[in-house]
Amino acid sequence: MAKALEKICCHLECDICADRYKQPKILDCQHSFCQNCLEKYYTGRYGGEPKMPCPVCRRETVLPETSIQGLKTNFHLMGIVEEVSLQEKVACSENAKVICEICDEKNEAMHRCLDCAQNICSKCHTTHMQFSAMSNHTVATFEDIRQGKVTVKRALEEDESKCNKHKGEAMRFFCETCEELICRDCTVVDHCKPEHHYIDSGEASQKYKETLKDVFTNFEKDIEGLQQRLVASSQAKHKLAKNITTSLKAVQNRAAEIIEHVKRQEKKISDEIKQIQEVRNNVYDEHDKTVNMLLKGKQHSLQISKEVTNTASDSDFLSLCPIICKDLNSLKGQDPPQFDPTLSHLNFSPGQRIGDINLGKLEDHQVSKWEMSGEFGKEGSGPGEFDAVWSITATQPGEIAVADNRNKRVVICSTEGHHNKEIPLQKKPRAIEATPDDRLIVVDSTKYVKVFDKDNKPAFHFPTVPQSEVENTEVDLQSVAVKKDGTILVGDVKRMVWTEHKLTDGKLLDTIPVQTPPYHLAINDATDRVVVSGDRKVDIALSNGTTLNTIKPTINGEPVQVCAGVFCDDSGVYVAMSNVRLGYDGASNILLCDTGTGHVHRYSLGGTFLDCLAQGLFFPEAITFTSDGRLAVADCYSVKIYQD
C-alpha cells in the first residue's frame, strides 16, 4: 500500500512549487499547476500578455478575460489529490488513532463511509446503517482500505455538479456547440435550439469517450514512432562515434609513419574531425531534445487523457473534454523533425604519397557532389529544340516528358535527349505530371485539366470546381502533382488553393487553402508532405494544408527572386531557384535579365539547408528525378542532367 501511494504521489506535485496541488488549473497542453503558482509565474514574467507559455513544455495557452482565475479548474486532479490524502490518512491510522467524525465521544474510528466521506466508530457505524437514507451506503473497515480492497473516494463538490448561472440546477446536458456542460435552464436561455445542439451529459460522455479511443490509438502509434526515431538516432550517433574513433586512429597510424613531416597536417585533419563530431552531435542532440519534448508532450497528453476518460466522473470528463480534444488535435499534427542519415557517414582516406607530406584527406559523405552528366535541347521549335521548358516529369524507365510551353506541345524523350514522341496541344502547357499507371496529367491556361492515357492519347478532362460553377469561377491553374494512390493535386494561384481529384474521372475530392501561391507542387506520401513553391518562398505542409516550415532560399546570402520547381522525397526537399528578372527593350519586348544565376538546393524535411546540387543555370523552371536517380532540370531552352 505504501509503495503504491508513493508511486501515485509523485504525479500529484506541482512542477512549480514541488508540493501537492492546491486548486489546480489546467492549461491547453494538459499540464496542471496550483492557481497561486500560476498567478505568480504569469505576473512575474508575462503580466498583461494575452497568452502564457507552459512552464514545462512551453506550449502557449490563450488566457480568458479573468486571467489565471478563469482557467478551468482540474477537479479531476483535485479529487485525486483529496483521495490520495485520505488514503494516506487511513494508511497511517494503523499507528495513530483516528477519531470518529460523527459523535462527540472521541471514540476510535474503525470504519469509513465512502458515500459520506466520514470516519466513524463502531457505535456510530451501527446507528449509521439504521437510517433508511443511508442503508445503501458503502462502509469499509480501515483494514480493507489499507490492503487496497476498497478505494477511498471523495464526495462530489457542489460547484462541480451545479450550474454557476442557475443556482441549484444540476448540469445534466452538454452543449456540443459551445463544448460545455449546461443545466436545464441554460437550454432555454443561453443554449437554445436550433442555434445550439445539446445532448444528455451521460450520452455525451459516452460519445466523446468513444471518439477519443481512436485518437488514443493514433497517439500510441505516434509515440511508438517517436521512440523508434530516438532508437534510430541513438544508433546513428553510436555509428558516428565508432567512425570517429576509426578515423582518428587511421589518422594517427598514418601520421606515425611520417611523423617528422606531417605533424601540422595531422593536427589540422584531427581538428576537422572533432569539429564535425561536435557539430553533428549538436545536431543529434537538438533532434533528440525536440523529439523528447514532443514525446513527453504526447505521453503526458495521452496519459492524462486516458486517466480522465477512464476515471473521471461524467461532469469532470465533459468539463475537461474540450481541452483534451484541443490538445490532442494540436499535437496530432506535430511531426518530429528529420535528421539527415548521412550525418554519420565519415571515414579517413589515406594519401598514397609520403615524399610531399600528403597525409590524406577527410571524406565527408554527407556532402553530395553533383556533376552535369548530360544536356540536350536548344532554343527553337524543331526536333531537339525547346521554347520555354516549363515543366518536366519522369515517365517510364529511361524516359521523361517535357512541357514545351511556347511550342504548345509535350515532348516525350529519353534521358539522353532522343525525341520519342510529341503530344500537340491547343494551349500552352504550364505543368505536367506522370501517374503511377503511366497516364500523363497536363495543366494549361484553360479551366480544365487534361488527362492522356498510356498511349499519350486524350482520355478525358475535368474542371477544378463543380461543373455548375465553372463559368462564374475565375481560376489560374499553374501546377500539378500526383500521390502514389493516383490522387491528383492541382495548384490554383487565383484562388490560393490546391484541389484534389480522383484519377479515374477527375471528381473533386477536396479543396485545401494555401499561404504561398502554388506555382509549383511536390508530394512525398511517405512523410505526408506537400511542398508549395511560389514567389520567393517554399512552404512544407501536411496533406491537410497545415504549414510546418517555410523555406526562404538565399544565393550568396541574398534572398532569391524566384522560387521555381520543387521535388520531395525521404532525402529532403529539392528547390530550383534563380535571380532572373523581367526587363524590356526599346520596342517593349520582354527580356530576361540576370540569367545564369540559377541554383538547385536541397533542404531537410524540416526546412534546413543541406547542400547546393547545381548552380550557374540559365533559368531553371522545373526539376525531377529520373528512374535511375539522376536530377533532371528544365532550364528554359534545354534539359540538363546531373549525377551524384
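Numbers here mean position along the shown chain, with the first residue as 1.
Just so it is clear, glycine is given a Cβ too, placed from its N, Cα and C backbone atoms.
Annotated in TrEMBL:
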| type | residues | note |
| --- | --- | --- |
| DOMAIN | 14-58 | domain 'RING-type' |
| DOMAIN | 95-142 | domain 'B box-type' |
| DOMAIN | 158-201 | domain 'B box-type' |
| COILED | 209-282 | coiled coil |
| REPEAT | 373-416 | repeat 'NHL' |
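A Cβ distance under 8 Å defines the sequence-distant neighbours of the repeat 'NHL' (373-416), meaning residues of its chain 6+ beyond its ends; these are 422-434, 438, 440, 442, 456, 565, 621-628, 630, 632-643.
Taken as a whole, the repeat 'NHL' (373-416) shows an average pLDDT of 93 in this prediction.
As a summary of secondary structure, the domain 'B box-type' (95-142) carries 13 helix, 11 strand, 24 coil according to DSSP.
Secondary structure of the repeat 'NHL' (373-416) per DSSP, as helix, strand and coil residue counts: 0 helix, 26 strand, 18 coil. For the domain 'B box-type' (158-201), residue counts in helix, strand and coil come to 9 helix, 11 strand, 24 coil, using DSSP.
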